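J.: Pasting in a structure now, in structure tokens, and then I'll have a few things to ask.
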4 protein chains.
Amino acid sequence: MSGSTLGKLFCVTNFGESHGPAIGCVVDGCPPGMGLSAEDIQHDLDRRKPGTSRHVTQRRESDTVEILSGVFDGKTTGAPIALLIRNEDQRSKDYGNIANTFRPGHADYTYWQKYGIRDWRGGGRSSARLTAPTVAAGAIARKWLREQYGVVIRGHLAQMGEKEIPFVSWDEVEQNPFFAPNNAMVPELAAYLDAIRKEKDSVGAKVRVVAHNVPPGWGEPLYDRLDADIAHAMMGLNAVKGVEIGAGFKSVTQRGSLHGDELTPEGFLSNHAGGILGGISSGQDIEVAIAIKPTSSIAIARRSVDLSGAPVQVATTGRHDPCVGIRATPVAEALLAIVLMDHALRHRAQNADVVTPTPRIPGDVS
Amino acid sequence: MSGSTLGKLFCVTNFGESHGPAIGCVVDGCPPGMGLSAEDIQHDLDRRKPGTSRHVTQRRESDTVEILSGVFDGKTTGAPIALLIRNEDQRSKDYGNIANTFRPGHADYTYWQKYGIRDWRGGGRSSARLTAPTVAAGAIARKWLREQYGVVIRGHLAQMGEKEIPFVSWDEVEQNPFFAPNNAMVPELAAYLDAIRKEKDSVGAKVRVVAHNVPPGWGEPLYDRLDADIAHAMMGLNAVKGVEIGAGFKSVTQRGSLHGDELTPEGFLSNHAGGILGGISSGQDIEVAIAIKPTSSIAIARRSVDLSGAPVQVATTGRHDPCVGIRATPVAEALLAIVLMDHALRHRAQNADVVTPTPRIPGDVS
Amino acid sequence: MSGSTLGKLFCVTNFGESHGPAIGCVVDGCPPGMGLSAEDIQHDLDRRKPGTSRHVTQRRESDTVEILSGVFDGKTTGAPIALLIRNEDQRSKDYGNIANTFRPGHADYTYWQKYGIRDWRGGGRSSARLTAPTVAAGAIARKWLREQYGVVIRGHLAQMGEKEIPFVSWDEVEQNPFFAPNNAMVPELAAYLDAIRKEKDSVGAKVRVVAHNVPPGWGEPLYDRLDADIAHAMMGLNAVKGVEIGAGFKSVTQRGSLHGDELTPEGFLSNHAGGILGGISSGQDIEVAIAIKPTSSIAIARRSVDLSGAPVQVATTGRHDPCVGIRATPVAEALLAIVLMDHALRHRAQNADVVTPTPRIPGDVS
Amino acid sequence: MSGSTLGKLFCVTNFGESHGPAIGCVVDGCPPGMGLSAEDIQHDLDRRKPGTSRHVTQRRESDTVEILSGVFDGKTTGAPIALLIRNEDQRSKDYGNIANTFRPGHADYTYWQKYGIRDWRGGGRSSARLTAPTVAAGAIARKWLREQYGVVIRGHLAQMGEKEIPFVSWDEVEQNPFFAPNNAMVPELAAYLDAIRKEKDSVGAKVRVVAHNVPPGWGEPLYDRLDADIAHAMMGLNAVKGVEIGAGFKSVTQRGSLHGDELTPEGFLSNHAGGILGGISSGQDIEVAIAIKPTSSIAIARRSVDLSGAPVQVATTGRHDPCVGIRATPVAEALLAIVLMDHALRHRAQNADVVTPTPRIPGDVS
């Protein structure tokens, strides 16, 4: 029942703090026989790691992963896969001056109330740094899903502050530091973010994640529906304040005659459902969007209280992302991969015998 | 690991189908010694039950709950509480003509793909009727939270289609069939919905749920954060396509200097966080909003396929809610109650010894 | 995490009290498409039910099961299967005189300490009556295991008090009221038990359960080994004080050269392991033995204390089994079936892709 | 649902293989604020580690533990505690000659059947080396139980082969390499074991573990009874083939008038129950005994098959314990500590409000 474990059959148990000796996770439930090396994982970690452009935090971490167990002769054995990432840049002195205050928008106050302990070292366990093990575990899930089912999981920045980013192509996502599917818009985004950083402020973002080729039938209604578990994983990501599946909040103003996706022998005619009906995948693309709040660490002085209860002003200097939404993209992909792999395994357990019924509607939206 | 169980310490295991002999649930984990009678539960069930106004389905169900276990001499014993609701109005002939087709927007096709079985009786297990046991379990959680911590959980319809409903007062919510916090707007809503029903169509809605007086410290980061578990529960409710905590999707365009709620000795100065920071309750009101898609059962003919894969037209006549969002209100309250009670128990397990640290910021927004 | 749930993928959630309105369970995780009727379950319930001979309790219960959900058109749907058994013979006045005392050997005192509640009605939830839902759930597991894998699960009384019962044949087990695999010994057992009952006393027993045709590969080391989960289930049965797998406590004095079962292409040469090596099934028979304490309800007066802490004498009259071990046989079979089905599903989830490696050693002991 | 996790609220997730880079575990659910250092854990690890006498394996491992997370300023923070033990003596060449065969009594064949992988490096994950992380986690539980409730957990060797070891005193257990509570018997045990080793054979053992000062009320009936969870943990330990609580298999021949422990205001008059009634602790000593099979790795040649299915002879040379039961003692203590702490936390969650009822029977047996 561990609160630090994600997944029920593909189980990721996360450990570590921002400025402790190491972070990592234990991945339990990966089937045996899959090829796996540290390189397979490192690629995704590198997409998330700090310091890759001037638009993200400058903390210096190589985020090098070590596989401690569960892999033998280059293949998974079915045993738990322990992944270790040593913290290298533990400049906790950066945080010394805030050890006695509660930063607005941060979890300082709530951790203090829950645990009676103020681990002031960079947010301790509430730091976004703890998403690195999630990304590492997600890389395993993503590889397995691709090899077993041809599932492709991709994400991109869909909006930064007021700037909506029209989708051009998946190829462009990896060609710029914003995970924007639109290279032409990069200068505008860069200028926008530079201006916000100059104002010592930060800004929110919206990220979209899509899973392609998910077979129909994954999800356990009720209560462990596929959309419910996706929402759990996404809302569990630091700074996320909203989750949408398919039409999301647009559904509020839609009519049933519009929203309900019609079926034809050639495929569904729309995808307002976002690939999930009744909590079960339909074969269409799984469509997820998340709202990410602006970075709480800003250099503008703000009101707060200290540990004695006295009013203070807090400004956070140091190495922070002006828009945490950017680096959230690979994490959201990893989370979707973990949830999907978990449900793939659950489906195999209970429904391995089900002869896939016809008709099978192609997932593609025509 | 039961997929039909919600909660880890306060566990609700749901069973039943829309047109089977009975629906119900087993509630495991309720502490002993709390006064509990069927009446305590019936009140909430009556708010959700069909046939209470012309704006909801006319199916005739008294939704009478029987407590089968776990209560002795009017008090909970600590043993599992089994709740039974017999189905009375099983007019499954209403559905006979659609047994061989997949209704657009419904879970017919995905259940078929997952289980290889077409339980055409009113949606079988995917029916919104299965929310009744959730409401019953939620009534227990709500009572316990109120008696132990003074927690008050309330919900209301916030928007129906294009009609935003300005909040006037909690008192008015129970005074109209829409759960609208605004009696003056009821005629307008009624006319709007009548028109949609006349067009044989349906419409979406937005529901807001608020928990007041939740103590700081509930939630298990990471991954079982309080917001993550709320999102899981809400997205697991039929027809929900989006979940927001606090500022939700408004966070996307907010600056950090606006979003981060400042603290003063007298209280927080805003509540964009929605009462949750780092996945842990802050003592402020827990603020949740959900998007509910329009009812999929509409009388407008729509394209689909039948079990042989041939194209057909499907129109759903019969007794359906033109806006399922209305009756979602008591269910959303129940889900929030279940998640909160679960986390209250989890908090007691791990943190019972923590001396509540000072300073304690009042939860009230000034 | 429900404490009243057995199994992780095949989940049995038990509810009810000895003298409440009903007992039952929800079985979640049964694959769809298996034929299932109340008769399939009733057969096993009838083997456990009271009043079948003078050697067991005379309480009058038909133990008629009703399937409330999860079955449609005679087949499982993949949805939770709720099973209900109404209590009929609730003569709780039998227990009135002991409501204020703690019966030696019973759970009265520990329930009182845990829950602060004295449900004196026939032991409340600690009654052996609560094994009926376990037997009902086990009937489902047993049917599935037989149909999917040809697994046969059988149990018998192996010893009653000092009387060891030599095994003659499985066929004879169902031909006498003791579940003795040895009809010739029945008169001796009957006389022995009559004498004990005349002395107002009770006696312990040993039950053996065997699963035949279990495929190799089931079990999750570590920690959810197949033997560990069997031990959990068996020790969780009322009155059980010991569990053995294979050679059990005989292993203590064995040499490695004797205990380690040799392998040949024709099969294993012995089965000291009891069909489980490293927590995983080997294909040999799963061999389990359990020790069952003597019935605690005896008519001999014994020392105890009452609720005020004063010393009292307690004698329990009424309808009690002089040897609860007899009726434990069908329950132990059911428990083994539940654990095996749970692990069958878990194995399918993680190892569905494993090409069954050669060599495959026949499970039969030659 | 991770199969590699022990406990539901105090969760120990184990990882590693005998000859991989490292072994370890993540302990999730330890309350915040407890003093904890590596030394606290190292002491128990040293009792289990190899090479401490000529009677155990000579593999050279310092078994030095590193705390990677969950501790700050010498205190637990409430976050997961990751514990790492690097493997130092990875002489896997010792095993090279058996890579193609299945050793009798070992898990080689069953792992091969389950995972399709032959990790021949010292048994891979099935090695008793994997009990080290369990001991490390148990040290945390033991410390917490002692500080919170004064619980004392102790174990000793009760029998080695035919040699029963009369209990003299707990003090003597730590004064000899056998964990024997009887120093006078040590020369006899040493000579006995030397003889067995000279014969290239091995022998079984019986270990007793006792928990003193456990408060009444721990355990979740049914199914997660305290005795059930103890049985699960113990039977999950390598080489264990039997588990007894209290009178254990002696119950089979006992009469009810003997077995049922009488209560007086001064205390219980016996402890056949082993401190657990109805699955709940009674306040008396928790009494557990386990049967441990003889070491499977022996130098006597035995029949088996190789990976091609051909018959072979296998003799295992190298560094093996002639009686694995000896080093099982600290592991069994650790397992009991983990289960008890798990149930302590579960009890606090559900029963924190129960006013401890009177009368309270002293746990001491008079």
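Glycine is no exception: its Cβ is also placed from the backbone N, Cα and C atoms.
Just lifted these from TrEMBL, have a look:
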BINDING   C:R48, C:R54  NADP(+) binding site
BINDING   C:R125, C:S126, C:S127, C:N238, C:A239, C:G278, C:K293, C:P294, C:T295, C:S296, C:S297, C:R319  FMN binding site
J.: Translate the DSSP assignment of C:R125 (FMN binding site) into the three-state scheme.
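T.: Looking at the DSSP assignment, C:R125 (FMN binding site) belongs to a helix.
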J.: Quick one: of the binding-site residues C:R54, C:R125, C:T295, which have a CB under 8 A from chain D's CB atoms?
T.: C:R125, C:T295
J.: Go through the binding-site residues C:R125, C:S127, C:T295 one by one and keep only those whose Cβ is less than 8 Å from a Cβ of chain B; report them in sequence order, or 'none'.
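T.: Contact set vs B: C:R125.
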J.: Tell me the Cβ neighbour count for C:T295 (FMN binding site), meaning other Cβ atoms within 10 Å of its Cβ, over all protein chains shown.
T.: 27
J.: Mind giving me a neighbour count for C:K293 (FMN binding site)? Other Cβ atoms within 10 Å of its Cβ, every protein chain shown.
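T.: A 10 Å sphere around the Cβ of C:K293 (FMN binding site) contains 30 other Cβ atoms.
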J.: If you count the C-beta atoms lying within 10 Å of each candidate's C-beta, which of the binding-site residues C:R54, C:R125 ends up with the smallest number?
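T.: Candidates: the binding-site residues C:R54, C:R125. Fewest Cβ atoms within 10 Å: C:R54.
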J.: Output, ordered by sequence, the same-chain residues six or more apart from C:S127 (FMN binding site) with a CB under 8 Å from its CB, or 'none'.
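T.: Looking at Cβ-Cβ distances below 8 Å from C:S127 (FMN binding site), excluding near sequence neighbours, one finds C:E17, C:S18, C:N238.
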J.: Please report the Cα separation of C:K293 (FMN binding site) and C:R48 (NADP(+) binding site) in Å, rounded to an integer.
T.: 18
J.: Fill in the CA-CA distance, C:S297 (FMN binding site) to C:R48 (NADP(+) binding site), as an integer in Å.
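T.: Each residue's Cα considered, C:S297 (FMN binding site) and C:R48 (NADP(+) binding site) end up 19 Å apart.
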